[in-house]
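Written out below as structure tokens is the structure these notes cover.
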Amino acid sequence: MSSEPSQAPASPWRWWVCGLLFLATTLNYMDRVGLNQMAPRIQSALTIDDFEYSLLESGFSFAFAAGALLFGFIVDRVNVRWVYPLAVLGWSAAGVLTGYASGFAWLFGCRVALGLFEAGNWPCGIRTTKAVLRTDERSFGNSLFQSGTAVGAVCTPPLVLALLQWADANGTADSWRLPFLVIGYMGIGWVVLWFVTVPGRLIASAGGRQEGGGRYTDVFRDRRFWALLGMVVTVNIAWHSYRPWLPKYLMQVRGLTEFEMTKLTTVYYLVADVGSWTVGLLTLLLMRRFRVAGHNARLIAYAGCGGLTAVSLAVPFVPTGWVFTGLVLIYAFAALGLFPTYFAMSQELSAAHQGKVTGTLGAGAHLTLSLVVFPIQGWVVKNTGSYDGVLAVAGLFPMLGFALMVVLWPPERNAGGPPGAPGGPPHE
């Protein structure tokens, strides 16, 4: 049911646009993880307990789910030249307003707004790469775009620490507010750069109605959609269980200083980025060198990462030291390495409804995080006083997604064939 649009012109500006997508995704994640890096300070300043902290994550994820649906539908109807900067402006404003929060309610409202607008990054980004890149360039373009998540997460800890140290040295009250302001205003600068440097004609086909492709509701009758839904839910549980809780765990349980925690989380996200790129290259190697069918190559890569995330079972129970650090970094490598497989598979369902497909799947994942995962994790941490259970089981979920994928979207039997045929490489 996928239909491929006409090839984009080979404009030299196309890689500049991809660079802007990378930068937007970097800023997106910087706005998101700033709260996690400063959680102990913020909780102390605003008198927020661990259950309320989990509610902040739930509110963000619930709004992210709504935003994924909203922007998914909008970007299939309105040109992304206008939709994308609206999303960036929205999440940047939410970040700036977070710097003025005076209590839990204000902070919760800011996180909800942040989630709503941050969700627009992925439908808009995928639409843009489809419009500006030729078919054979899209895999690299999507990798560049997606790698901004890990780069943003890598940049945030040292930037936040530097701003906190500067604010503390200058006697600034509530120094935790400064990073939110700085990162938020950087996003507003991105909006200006987008309009000034991106030629409108280059992304004229990005978004808006497309002819053909069938009805959107046809997607729900495709078994592959439900396989992808199981996959995206489980990989997000694995990744997002460590994002909010790891910094707190390292300081409060493992006894790391703020500086030591910052160093480890920086390396954590750097290794995660390496994992993402490695999985993409491994999949390409399996297909080109060993002639493994595209779907099978992705299943192999996914199973490998899913097996590695299971090291989470040991993370809470080994002493602090090189073994502990190694297990945490293996987890980071594998947890983000799961995502390229998911994104590649999700692009096979419907070209005409790509925005809505991306949004619907993302909404399903973040509704699960919001309504089920984060409330349960917050309750466990508050009532047991321990992070062990949360961190131990997080890495087991991806293999559940793999099992569902094998049942609903089984491996291909033939290794050859044209793109899109059974056993052949998929449509871009």
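Placement of Cβ uses the backbone N, Cα and C atoms for every residue, glycine included.
As the structure is a computational prediction, the values presented were derived from the model and not from experiment.
For 17-413, the entry in TrEMBL reads domain 'Major facilitator superfamily (MFS) profile'.
Away from its own ends, the transmembrane segment (13-30) comes close to residues 84, 88, 91-92, 118, 121, 125, 128-129, 132-133, 137, 141, 144-153, 155-156, 159, 183, 186-187, 190, 193-194, 197-199, 202-203 of its chain (Cβ-Cβ under 8 Å, at least six residues beyond either end). If you look up TrEMBL, you'll see 13-30 (among others) marked as transmembrane segment.
The transmembrane segment annotation in TrEMBL covers 51-74 (among others). Same-chain neighbours of the transmembrane segment (51-74): 32, 35, 39, 43, 83, 87, 104, 107-108, 111-120, 122-124, 240, 244, 355-367, 369-371, 374-375, 377-379, 381-382, counting only residues six or more beyond its ends whose CB sits under 8 Å from a CB of the stretch.
Listed by sequence, the residues of this chain that lie at least six past the ends of the transmembrane segment (86-108) yet keep a Cβ under 8 A from its Cβ atoms are 24, 27-28, 31, 34-35, 42, 46-48, 52, 55-56, 59, 71, 114, 116-121, 124, 177-181, 183-188, 190-191, 194. Residues or ranges marked as transmembrane segment by TrEMBL: 86-108 (among others).
The feature transmembrane segment is assigned by TrEMBL to 178-204 (among others).
Long-range Cβ contacts of the transmembrane segment (225-242) within its own chain (Cβ-Cβ under 8 Å, at least 6 residues beyond either end) map to 57, 61, 219, 302, 309, 312, 331-332, 335-336, 338-339, 341-342, 345-346, 349, 357, 361-362, 364-366, 368-369, 373, 377, 390-391, 394-395, 397-398, 400-402, 404-405, 407-409. Residues annotated as transmembrane segment in TrEMBL: 225-242 (among others).
Per TrEMBL, transmembrane segment is recorded for 267-287 (among others). Long-range neighbours of the transmembrane segment (267-287) within the same chain, counting only residues 6 or more positions beyond its ends whose Cβ lies under 8 Å from a Cβ of the stretch, are 139, 143, 146-147, 150-151, 153-154, 157, 246, 293-294, 296-298, 300-301, 304-305, 328-329, 332-341, 344, 425.
The transmembrane segment annotation in TrEMBL covers 299-318 (among others). Note on the transmembrane segment (299-318): residues 231, 238, 275, 279, 282-283, 286, 292, 324, 327-328, 330-331, 333-335, 337-338, 340-342, 387-388, 391-396, 398-399, 401-402, 405-406, 411 of its chain, located 6 or more positions outside it, place their CB under 8 angstroms from a CB of the stretch.
What TrEMBL lists as transmembrane segment is 324-345 (among others).
Listed as Cβ neighbours of the transmembrane segment (357-377) (distance under 8 Å, sequence separation of 6 or more from its ends, same chain) are residues 54-55, 57-62, 64-66, 68-73, 115, 119, 122-123, 126, 219, 225, 228-229, 232-233, 235-237, 240-241, 244-245, 346, 349-350, 390. The annotation transmembrane segment is assigned in TrEMBL to 357-377 (among others).
Feature annotation from TrEMBL assigns transmembrane segment to 389-409 (among others).
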